[in-house]
Amino acid sequence: MRSSPASSAPALASSPALTSSRALAARDAVSLLGGPAWNVPLGRKDARAANISAADAYLPNPHANLTELLNKFAMHGLDTQDMVALSGAHTVGTARCQNYRARVYGYDGEGKIIDPAFAEARRRTCEVGGDNAVAPFDEQSPLTFDNAYYKDLVARRGLLTSDQALYGCGGPSDNLVRTYSKDGKSILKESVESHLVYRVTRRNIQKRIFAHFPEKIKKANLILGFFIFLIKADSPPTTTLAGQELSCSACYIDVIDEIKSSLESACPGVVSCADVIALASRDAVSLLGGPAWNVPLGRKDARTANVSAADAYLPSPHANLTELLNKFATHGLDAQDMVALSGAHTVGTAWCQNYRARMYGYDGEGNIIDPAFAEARRRTCHAVGGDDAVAPFDEESPLRFDNAYYRDLIARRGLLTSDQALYGCGGPFDNLVRTYSKDGERFARDFATAMVKMGNISPPSDMPVEVRLNCRRINY
């Protein structure tokens with residue numbers, strides 16, 4: 001893409017200067033604005049030279065007609081469907097007057113198919129000499145990654161000649177544009193519920209990512225913490241992790257409350273709290289460098305809340321390997337699922353009350369421990385009292401979703417008894433832990449697969465359910 005803010009032609013995925021960091025940033029930007037997530041192939045190299053004329057040869061011109069567009073994309077092995085789908089990136093962003101003046105004043109050829117009212121509106125701000133005036137590609141929802149761009153093309157309201165060239169001339173792309181304009185799933189690969197959740201949360205997330213980077217970490221960690229742990233009312237108000245003060249307990253719930261409240265205002269009674277949490281958890285993992293996955297939607301919220309029942313479903317932090325296996329098997333999850341899902345402990349913290357027994361040797365199977373690690377943890381987690389002291393599961397990279405958790409297990413530095421139970425007693429679990437400790441990509445794939453599998457677990461058929469209007473209480 002051109003470096004100017006007017007980036008006007010459809011983006012080509014194989015631009016030679018597209019580095020891994022930009023590819024990841026592009027994926028995350030699309031996702032944050034309500035679009036799909038995808039696995040980014042890494043390993044790109046940066047060019048040793050920058051050549052504008054060479055870039056122009058690779059990228060389509062904003063004044064290109066359909067034939068020119070097809071040829072340009074075909075140079076990179078991209079077909080008509082790729083071209084039309086990738087052009088949908090213009091559902092967000094703006095272009096400069098110099099790139100759409102010819103279309104709105106009728107100077108271009110194939111792009112002259114234009115809605116007169118749209119052309120008149122654009123001419124008011126795009127006058128002769130005002131090259132740097134800007135207009136959104138998509139007026140309807142310029143900050144949401146959706147299919148409104150294609151609706152604009154059908155209405156002859158494409159901003160660039162190269163946009164409108166995709167529709168209206170009877171070419172091979174007309175049918176695709178019509179399909180995408182009617183079926184958001186075809187282009188977004190996510191359901192309407194997912195789109196709505198992103199739509200109402202994007203402003204807060206954008207502020208944090210672009211203005212205060214540490215807040216990105218905080219938001220992701222809070223969401224993930226809510227998902228992983230059963231939050232109790234008596235938890236500590238704040239803790240510090242890697243130099244960042246993280247609010248606990250009630251604030252975890254506040255994150256979900258904020259999303260749900262905005263969502264109810266936009267589309268009441270549609271998206272459950274369970275789906276909000278599932279989507280937020282996926283995004284938190286992705287924000288911290290982990291994988292993305294398609295979230296099965298359509299969950300309902302329980303009409304009852306029962307701590308003892310939750311305890312019966314969730315593994316204890318003091319569980320041994322046999323207890324863990326039985327607990328996961330109850331939900332149709334196998335040994336690989338268990339070891340992969342346990343890797344979520346690569347981020348977050350635990351309270352002293354949950355790891356004291358391991359540090360002081362009170363537990364059984366979890367007493368395989370590095371002495372220096374135990375001593376360090378005992379400095380802040382005393383034998384009596386201080387239940388609310390916290391420690392990170394993964395000291396090496398506590399705010400990054402990676403495979404360091406498994407390296408800690410091999411070093412006998414698992415924080416909980418239930419963590420260390422996965423490694424050190426021989427058998428297939430040791431092999432899996434060793435594999436994940438060496439192969440972060442394998443861990444990421446298996447974790448995403450297990451999350452989808454866990455997301456498909458159905459509640460008991462006789463359980464009363466609903467879509468809660470407030471995640472803290474049932475509907476009355």
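Quick reminder: no glycine exception, Cβ is built from N, Cα and C everywhere.
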Matching residue for the Ca(2+) site, where TrEMBL names Asp394, Asp402 - out of Thr322, Thr330, Thr346: Thr346
Residue among recorded positions Cys273, His345, Thr346, Cys471 with Cα closest to the Cα of Pro315 (substrate binding site): His345
His345 (heme b binding site) to Asp402 (Ca(2+) binding site) - Cα separation in whole Å: 10
Cβ atoms near Cys381 (disulfide bond) (within 10 Å, other residues, all chains): 24
Non-site residues, in chain order, whose CB comes within 8 A of the mean position of the CB atoms of Thr346, Asp394, Asp402 at Ca(2+): Gly343, His345, Val347, Phe393, Glu396, Ser397, Pro398, Arg400, Phe401, Asn403, Ala404, Tyr405
Listed recorded positions (Cys273, Pro315, Asp402, Cys471), ranked by Cβ neighbours within 10 Å, top entry: Cys273
Which of His345, Thr346, Cys352, Asp394, the listed recorded positions, has fewest other Cβ atoms within 10 Å: Cys352
